[in-house]
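Worksheet for the structure shown next.
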Amino acid sequence: MPRAMESSSKSRKESILIKYAVVSRLLVLFLTVLWRSFLQPYDTSAALNPPCLHHRDVPEDSPQLLVPNSVSKTLENSVVWDSVYFLRITQCGYEYEQTYAFLPLLPFFISLLSRTVLAPLVPLIGLRAVMVLSGYVVTNLAFVFAAIYLFRVSVIILKDTEASFRASVIFCFNPASIFYSSIYSESLYALFSIGGVYHLLSGASNVAVLWFALSGCARSNGILNAGYICFQTMHRAYEAFYLKKRVCLSVQVLVTGFIRCVCICLPFVAFQAYGYYNICHGHKLDDVLRPWCKAKVPLLYNFIQSHYWGVGFLRYFQFIQLPNFLLASPILSLAVCSIVSYMKTRPELFTSLGFQATEKEKRSSARLYSLKEVLEPDVITSSNEGSRDIRQRKPSRKKDVTITTNTAAESNSPEASGYFSADVFPFVVHLGLMAATAFFIMHVQVATRFLSASPPLYWFASHLIASPKHSKWGYLMWSYCAAYILLGSLLFSNFYPFT
């Protein structure tokens, strides 16, 4: 396909995808309002708004804070589960120890929007209702952009516009959709994680670092995105040192990669330091200090998750939690199937950490393996002869034989594009780490939304739907998404446990 036609096709698909993303958000919001009008919420205390512990800019008895009318009441009554924490942090800051489990990016955007663009609505519905409205605007808008970035990343990785479009549409109607339209951090995490990957694949590594760091300000697992930088650094350092024999360049690559990883983790670490300063600083008596303050490495987040929510290795493996394991079984099964399928097709990538990818795959446009972004064009040209497959290094007198062997290997490789390409490998590893964490450490039912921003799930689902051998999986996939959208909007919006 000519480049101009291919670009036009991508633009059309992206425009259609935006419509799907918007329609999916409107559908979820409509279902939320519908179920809320039919059922009585299990917990009606979310609308309560006790005074802040500390002085705020707006007095608690100010008419700006609460304006009693039907619109403000409807908005405030829609705040359920963790949304209560995010809204409270926006309004009053971090008052209690357990609130530090909720990272500050979403409250920051809510506060910014409610005090700027939506500020004129404060006299009409009150500041708290405006904050709620701002939360919905932020999360739903972030989701639309996350869908766009997923499509762009998919096009680069899969090199198939149709498969990329299918994967992105599935994301628009993913089983955790209710959380992407609620005042939760999933949308912002997905936006900055997937957007960071896009910038990394596009060669803007420093921009990618910024986006990954912001993802770590939305959810703690955002720091795992540093793994993409580690993977890229590992392969580039190997190519510079072992293949190109350039020691200085390999050191430069390693140092740069290390600094980028530190920058990604820095915001999360800084937030832990902020919590330590607020809770532990100035208390000298042991009976006043919280237990985690006395630790050699005082990690507030780990303590909160363990102490208040019982998160820990195998701590959720109880017979009473069997329904929650069943609730999480579809997403975990999809994750396991996608990983196992990839392992069976490309076992050499797992045994070699990706080093046995073919030369053609290493030189792909995804920029995950090659040094071409680092080196100047003339250096790349002069060094191409030194780039050989790790398992096929031959003496120079057999150069022609080596090239022939490499060419044959590439032609017989499992797949040069699609879900089983070498570019997908680091994403599958990332998904594996996330799935293992969700199953063995976290509250397992959270896996549905915890894994919902992982691109390989949607790439694998798209692959199954397009495969003639697995046509029934398409119906099963869409049934799963539809059922969880209906179930999630019904239970979650009425303060019943979902995930």
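Positions of Cβ are set from backbone N, Cα and C atoms, glycine also.
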The annotated transmembrane segment range in TrEMBL, which must be one of 100-120, 163-183: 163-183
Same-chain residue ranges lying at least 6 outside the transmembrane segment (125-151) that approach it to Cβ under 8 Å: 13-14, 17-18, 20-22, 25, 29, 49, 58, 62-67, 69, 71-72, 75-76, 78-79, 83, 86-87, 90-91, 106, 109-111, 113-114, 118-119, 164-165, 167-168, 171-172, 180-184, 186-188, 190-191, 194-195, 197-198, 453, 455, 458
Outside the transmembrane segment (427-452), six or more residues from its ends: residues with CB under 8 Å to it: 157, 174-176, 179-180, 184, 186, 190, 221, 224, 227-228, 231, 309-314, 316, 321, 324-325, 327-328, 330-332, 335-336, 338-339, 342, 459, 484, 497-499
